[in-house]
Amino acid sequence: SMASPALLMRVVASAYSVAEKAATIVRNVMSAGDLGIVEKAGPNDLQTKADRLVQMSICASLARKFPKVTIIGEEELPTDDVTEDLIEDGHCEEILKKPCPAQYTGIKEEELVIWVDPLDGTKEYTEGLLDHVTVLIGIAYGGKAIAGVINQPYYNYEAGANAVLGRTIWGVLGMGAFGFQLTEAPAGKHIIVTTRSHSSALVNECITALNPDHVIRVGGAGNKIIQLIEGKASAYVFASPGCKKWDTCAPEAILHAVGGKITDICGNSFQYNKEVKHMNSAGVLATLRNYDYYASRIPNTVKESLVP
């Protein structure tokens, strides 16, 4: 008889369905028209009803199935009053059929940390830039991002009434990433994707030093990694604090699963163990290919002003 699927594959398969449920919640809140916007630290740090409901849905659904896993979400929320209609119990059969990479077959629940960004690109969501928005579920083991799910609730939203709305991208280190067409950016072109609403002198100094052919300014870390893996940008550069572990965990796993690389601006790997501080204080540098080209051109003045 078939051995039952390894824990990691069960978690990823559940996270896939949980992310699809999250996308439905995101779309329902938007179409109902009352976003319930709250300012957290200021006008660029917003929380909506969608952030709150989605986080409750993801965390409660995964905690119910995997009670010993540590789950860390962006929003500070009570966990006890989650209504049954927010619970997603399903899983993706397709993922369960795939063999778990050998190095992860023995993982126990208490060794996993799941980092959740219920709505990455909240500001863009409130402004109607819906294709910037993602739901991020990142899975870490031994402090390393090893699997991730990125849902784009509004993928295809400009493609007309009959288009299928939304998609889910997922990946596991040692296995690959699925749900999109891996594409490299045009050879010899330096296209930088960076922040849309968190710009600064330092952010711009760093980009100028890279002498880009083109700069794309969009919201959301998940969205920026998708720009890399679909060949729309050659590097994601953000020389500023502000990005958090739940922004980078899922995207990192997917990027690394297809041979890309992400670090802070100084070249340090991100750590995802449950004790780690949440802020990525030294920014982000990520590429699908040619990481060293960009890393070697980051000015020392920029590195010195960003302390990990």
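Heads up, the Cβ atoms here are built off N, Cα and C, so glycines get one too.
Automatic prediction, not curation, is the source of TrEMBL annotations.
Per TrEMBL, the feature Mg(2+) binding site maps to Glu74, Asp117, Leu119, Asp120, Asp247. If you take the C-beta of Glu74 (Mg(2+) binding site) and look for same-chain residues 6 or more apart in sequence within under 8 angstroms, you find Asp51, Gln55, Val116, Asp117, Pro118, Lys244, Trp246.
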* **Cβ neighbour count within 10 Å of Asp247 (Mg(2+) binding site)** => 27
* Under 8 Å by Cβ from Leu119 (Mg(2+) binding site), counting only residues of that chain that are 6 or more apart -> Val26, Thr48, Ala50, Asp51, Val54, Tyr125, Val133, Val135
* When the number of other CB atoms within 10 A of each residue's CB is tallied over all shown chains, which of the binding-site residues Asp117, Asp120 has the maximum? -> Asp117
